[in-house]
Amino acid sequence: MHQFFLKSYHFFQQNKLPGILLLLAFVAGVGFLASKVELEEDVTGLIPSGKDQDVLKRILKETEFSDKIVVTISSEEEQPQELISYAERFIDSVNTKLPNFVENIEGKIADEGVREIYNFVYQNLPLFLNEADYAEIEKKLSDSAISKQIKEDYRSIISPTGIVTKNFIFQDPLSLGPIGLEKLRELQIGDNYLLYNNYLLTKDKKHLLLFITPTLPASETNKNNQFIADLREIQQQLNTEFNTVEGDFFGGVLYSLANANQIKKDVQITISIAISILLILLIFFYRKIYVPLILFIPGIIAAVTAIAILYIFKGSISAISIGIGSILLGITLDYGLHILTHYRNNHDVFQLYKELTRPVLMSSFTTAIAFLCLLFVNSEALNDLGMFAAISVIIAAFLALLLIPILYGRRIGETPKNTFLDRLAGVHFFKIKPLFFSVVILFVFGLFFFTKVNFNNDLSKINFQPEAIKKAEQKIQNIANSNGKTLYLVSYGNSIDQALLENSKVYQNLKSVNQKSELNSYSSIGGVVLSTQTQNQKIQKWKDFWNSKDTSAIKNKILSESAQYGFKPESFHDFYELLDKDFENLQLEDYQNTTNLYLNDFISISEDFATVTTTVNLGELPSQEFTAAFDNLDNTLIIDRERINEGFLGNLKNDFNQLIGLSILAVFVILLISYQNLEISLLTLLPIGITWIIALGIMGALAIEFNILNIIISTFVFGLGLDYSIFITNACLKEYQTGKSELKTYQTSILISVITTLLGIGALIFAKHPALRSVSSVSIIGVFSAVLVAFVLQVWLFNVLFINRRKKALPPFRFSRIGSFIRNKIYYKQDLYYQDAVLDNYRYKPVYSEAKAEFTEKKEPYLRVSNFIEKGECVFFFYSGIGVFPIYLSYINPNSNITGYETSESIEIAKNCFRSKHENLHFATAIDAAKTCSTFIIPDREINDLDEIKQVINKFGKKVIVLHKALKTQWLLDANFEITYRQSGILVFEKE
């Protein structure tokens with residue numbers, strides 16, 4: 001694969017203008033497509049999918065629960081008129097100064113509004129009556145009750161308030177209307193209120209309440225900041241003017257703004273400082289001002305490309321997934337850091353691509369596979385996140401390999417300055433015993449504590465809650481006597497009539513529960529807005545009731561009693577008409593046209609979905625006992641925010657537990673395919689497991705909990721740890737193969753990655769917002785754990801299992817030979833080919849497949865050649881390559897002195913085979929080593945200097961074995977050699 005990138009590099013180096021135009025065209029194309037994508041800003045996308053969850057998503061999307069701002073106007077003493085004066089000034093100021101921010105202000109009912117509500121109830125009285133009400137009406141129809149009521153009506157009319165009450169009395173002499181009006185009390189939370197001069201006051205007349213409906217959603221942060229600031233200014237100005245009255249306000253938007261503003265402030269401060277330090281560090285280390293820019297280019301282009309691809313196949317993507325994904329894409333910086341660091345230390349582009357193409361692509365594919373496992377989580381937003389991040393990291397890896405070597409520029413002849421990072425990276429951390437044992441102790445410690453990490457379902461714990469806002473909220477709860485848990489019962493259906501029918505069932509159950517265990521309060525339209533079916537039943541009940549009565553006798557009794565007080569016979573004509581009225585069903589529009597019912601707070605209607613909401617404050621009643629009364633109701637959902645968080649976030653936690661297992665399995669498969677070896681794959685994956693145990697152990701000991709945010713960010717840490725592990729594996733394998741340690745270069749790039757991560761996400765530990773701190777703390781612990789395990793335990797394991805054993809002339813660790821490993825001895829079955837022994841010298845090395853292919857193909861000729869080697873004979877092998885043939889000969893003829901000669905880099909591989917430590921096996925780069933030998937082998941390989949070979953053989957040779965099929969051998973005959981064997985492509989020449 002590295003050849004593709006190498007050829008691309010040379011092509012674009014020679015064709016810079018076409019390359020630039022191609023890149024710009026590509027960026028323009030994907031940018032255009034990405035700009036057309038539809039961003040879904042619905043936060044319910046995080047909720048897991050399923051039948052019940054889908055209903056909840058729709059309800060949360062279409063029902064407003066806490067958008068209003070509650071204004072409290074309070075005084076220490078009972079002075080209602082002062083409260084009203086403050087309220088009137090407040091309403092006037094808001095309407096004058098903030099007309100664009102406020103839809104309406106509730107809390108004041110005009111005189112005509114009171115009359116309107118009374119008339120609405122009276123004209124539709126049967127719809128507001130229940131069984132108990134008819135029992136009360138029955139009592140009012142007795143002769144004595146009628147006499148008493150007419151007498152009270154007369155006294156009311158002649159009183160000073162008669163000018164207001166007389167119209168109500170003429171319309172309703174028996175006072176039946178107030179029975180129906182009682183149902184309207186159920187529209188408000190609690191019964192601690194009264195109407196005083198048309199304003200809503202608490203019964204002690206010390207608090208007045210107003211309700212503001214903003215025009216803006218809570219997500220409009222900038223405009224809402226202005227709105228709340230102006231509202232606060234009005235409040236503070238009035239508080240100054242009214243010495244004995246104080247106003248305050250609270251709403252969900254205050255928490256939204258506080259969180260948004262604090263996050264913005266924290267990010268601006270911490271990230272600006274972090275980026276400044278990071279820029280200085282990168283420029284200082286790489287000696288190029290534009291290095292930070294080229295580091296970000298692959299990631300940015302990759303992210304835009306991923307969005308464009310998702311647009312083509314989906315058309316839309318969750319905005320949340322883009323937001324979280326942009327953080328997770330910090331891992332793409334690692335690819336650039338590794339490439340830049342290697343290029344800085346080695347200007348050979350061929351070596352750069354040869355050494356880095358595989359680990360960079362492996363890292364990207366394993367990380368992408370881990371992200372794609374998010375597709376198995378039942379959450380649309382996390383599915384989008386998985387696809388977005390997976391596509392991005394793969395494209396970023398390809399772009400980093402293509403662009404960064406070109407953009408960084410060649411610096412032939414320059415020697416990089418040895419910085420403190422280089423010196424730190426040059427340390428063999430695994431050799432520092434206190435550090436090594438500290439990591440081991442942390443791992444053992446983690447085994448006892450990693451199961452103690454909890455998942456916090458309470459979203460309020462990661463919200464920023466300023467004390468002033470919490471006090472305002474508590475004040476309103478105290479005034480409303482709503483300190484108990486508040487639940488929402490949402491009835492839903494395909495039409496408003498169906499939703500109302502379901503709501504009537506909820507209402508009946510609610511009344512029953514309230515009778516058995518008194519609730520703190522509830523607010524319901526169940527007794528006010530009725531389904532068509534319920535209305536028909538109530539109208540029929542009205543007819544049946546009056547049909548069973550002698551209405552003529554009742555009218556006569558009213559006439560006779562009222563005549564005593566001077567009432568005219570036609571005074572109560574409206575009431576008589578009511579008794580004979582043919583009532584009709586009301587439509588929702590009829591209710592909504594009554595302006596002061598505020599039904600929009602309870603009802604939500606869309607094209608094929610409608611909801612009716614009931615609010616309940618439980619007081620001391622346990623929520624489980626309350627919800628049990630509604631378990632048998634279909635099409636009704638109880639929304640308990642805490643319960644929802646525990647349920648759905650708990651489901652997400654379970655999904656993530658499965659995701660971790662699935663990710664590890666998927667990553668292991670990719671590693672197995674890449675390394676084609678079980679041991680190396682496990683040794684690359686093992687540090688990830690150790691890292692998690694250490695990180696979780698530290699979190700458990702420090703009581704740091706997972707939450708919905710930092711558990712997602714933990715996938716970023718998983719990706720970084722995997723990245724570090726893959727690069728350390730490749731560094732150790734290279735040292736094991738060639739004996740040349742590149743660990744310093746790899747550790748340098750990893751250290752820069754650690755610093756960039758800590759300066760980025762880690763810097764948020766100084767943030768005030770708890771969500772940012774939780775993300776930062778998990779990242780810091782995870783990254784430190786990952787780098788410690790990679791630098792200390794992983795390198796130590798490779799040294800113990802492979803590198804040190806090579807130095808001791810022992811084969812590497814193998815699961816199939818674990819007994820030999822423990823006993824530190826070599827046990828090989830004696831056979832003709834010594835295949836296991838020979839190939840063990842190349843096992844785990846990148847050249848293993850090459851060595852295996854050579855030996856499999858040529859082991860028969862090698863065996864025949866070995867028959868011509870006598871005990872104690874000195875053999876010189878020309879162009880021995882990676883040393884397969886000489887090593888085989890050393891096994892089958894251990895007493896013969898064998899020397900392999902090679903001028904290419906392959907000699908380093910041969911020299912670093914554990915068999916090369918054998919006293920009779922040598923590898924040389926100088927042909928002078930042939931002086932002590934008399935037997936020479938010419939393999940079937942490319943020969944660079946035949947003349948030199950001829951000189952050596954003519955001077956020292958007594959036996960020549962030729963396997964080179966195209967080699968002309970007349971010169972051997974001319975040098976007095978005779979052919980003693982010719983068969984199967986093998987020629988043996990000897991001379992006396």
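Positions of Cβ are set from backbone N, Cα and C atoms, glycine also.
Curation does not apply to TrEMBL; its annotations are automatic.
Residue ranges 745-767, 952-974 are listed, and TrEMBL annotates 745-767 among them as transmembrane segment.
From the options 19-37, 874-892, the stretch TrEMBL describes as transmembrane segment is 874-892. Remote same-chain partners of the transmembrane segment (874-892), defined as residues 6 or more beyond its termini with a Cβ less than 8 Å from a stretch Cβ, comprise 828, 832-834, 837-838, 841-842, 847, 850-851, 854-855, 858-859, 862-863, 865-866, 898-904, 906-907, 909-911, 913, 915-916, 918, 920-921, 923, 929-930, 932-939, 941-944, 949, 952. Confidence annotation: the domain 'Membrane transport protein MMPL' (193-407) carries a mean pLDDT of 80 in the model.
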